[in-house]
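S.K.: So that we are looking at the same thing, I have put the structure below in structure tokens.
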């Protein structure tokens, strides 16, 4: 019988995110669990089918292979030498399944039945979580303490994370005999995979806890205080150990990773620890020179001296007025870039004065003189 589409099995679309795939699997696992469908002879097969689908779609590499090739990506017999006896190829009867299982997982997919080896019946660590946090440049400069709300799974207090109703205990998984692993022979290799029935836990729950539906964990938003040090930039990662998802069956929690994004600022641009600020100045100020006042990222004011005859794009430096270094050391600098502004909406008198000034400044614009001299030479050469 043809295998069903894995996305269809989990009730999600092909464009579903990893979170949507996880939610779809949890929903199907609760709905199809054999212990909750004892009168349905198809429940166990459908439950295994959902586990098989999730094993592929939760893994980015396997998902990519499935999206491209479908079920054919995980069929056996994909090339290699021929004729070897089962378990042979390396001599001495060694079991290389653990060494090669990660490599061949991507080739051969899920296997049910077969032998098993140790590894089940143990607690498992919870997943790591990612939280994207946007802050402004001022906060990145000074650092701050911020409270965030993180949706995550925590250990169920009703069953203390066991997943079993009070007075009952999980029982050994019949598929893997409590080992959490199943093996299958593929030509030369013995390939080991996580048991699809118990998801590697080695146990199944006949009387699931009503609070967590047998998951051993419940969804809850948590308020966490995060210390953001001065000098962070976009891409900085902050690790909060043990603040990820709760582990299964009393296992340790995963970690929470805070990824910082520093928002763009209306006045300052950042390059490492240096800051850049573009400051407009009048033609008169640029020509005559003088002192101007500029803002600094700490909310203060700085003064820079503009040399006479300054052009647009000229930069001046305020040392130590940039961003602090994240891991210590001296702060960066702040660079002031001049933007000489041409006046608009001139009065008649202003136009007269500018026209008079232009007549008197024939020898005061060396760049213009050089440019038009080059233009004249170019035209003369074209005539020849």
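Cβ coordinates are placed from backbone N, Cα and C, and glycine is handled just like the others.
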S.K.: Which residue range, 16-47, 48-79, is the one Swiss-Prot calls region 'Disordered'?
M.R.: 16-47
S.K.: Roughly how many angstrom lie between the C-alpha atoms of residue 209 (Zn(2+) 1 binding site) and residue 195 (Zn(2+) 2 binding site)?
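M.R.: Between the alpha carbons of residue 209 (Zn(2+) 1 binding site) and residue 195 (Zn(2+) 2 binding site) there are 22 Å.
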S.K.: Other residues near the Zn(2+) 1 site, CB within 8 A of the CB centroid of 156, 159, 209, 212?
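M.R.: Counting only non-site residues, the set is 157, 158, 160, 161, 162, 163, 164, 208, 210, 211, 213, 214, 215, 216, 217, 218.
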S.K.: At a 10 A cut-off on CB-CB distances, which of the binding-site residues 159, 173, 176, 209, 212 has the highest count?
M.R.: 176
S.K.: Among the binding-site residues listed here, 195, 198, which has the most company in the form of other Cβ atoms within 10 Å of its Cβ?
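M.R.: When each Cβ's neighbours within 10 Å are tallied, 195 leads.
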S.K.: Can you tell me which parts of the same chain pack against the repeat 'CXXCXGXG motif' (156-163), counting only residues 6+ beyond its ends and a CB-CB cutoff under 8 A?
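M.R.: For the repeat 'CXXCXGXG motif' (156-163), the list is 169-170, 205, 208-212, 214-218, 246-250.
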